[in-house]
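Working notes, beginning with the structure itself.
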Amino acid sequence: MRSAKFELHNGAAVDGYPFHGACAVLRSKGCSVMASLLELQFVRIKDQTTLTIFAPIDQVMVSRNPSLRDYLNFRRHIIPCKLRWRDLVDLQDGTVLQGNLKGFTVNITRSHDGVKINGVPVILPDMYHNDWLVVHGVGEILEELKHKEQMPENLFGFGNENEENTVSHYHFSVFRS
């Protein structure tokens, strides 16, 4: 399996920016805070991998008056595999996946109300998708369940400047015919 290598972004426009389409849709659907976080964190992906992002709506992000720590932990909303809505619905109730933040897991549950991620409802399924990325809107910020999260080693959570970092790819795949 491939892993993604992310480069930090200083906010300037970059040709070939992989999240451009996703960020435009996020803004149009009321998730502009998450779009801004994506733009500030990543320039491009080397050795492209698949990702799923659970994007909280702006009302939640603003009403919580989030701290810098909350923004740094936005990686808990990213899992290193591509899960479309139909994949989430088909997962066994209680499936646990490793998130992109070290030590953070997401628990996917189903009920008559729909699919929940760590108890948070998916309210905008498949709001954006392409060959390697899926974005779902969620009604709250994802919180930890039982496991203690570890803070990133530096401000952006990608190790030191001289270290080459990758998003770990866990052996989880959903195959559709």
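Heads up, the Cβ atoms here are built off N, Cα and C, so glycines get one too.
Heads up, TrEMBL stuff is auto-annotated, nobody curated it.
Taken from TrEMBL as is:
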- 52-145: domain 'FAS1' (DOMAIN)
Over the domain 'FAS1' (52-145) the mean pLDDT stands at 88
Helix-strand-coil residue split for the domain 'FAS1' (52-145), DSSP-based | 22 helix, 38 strand, 34 coil
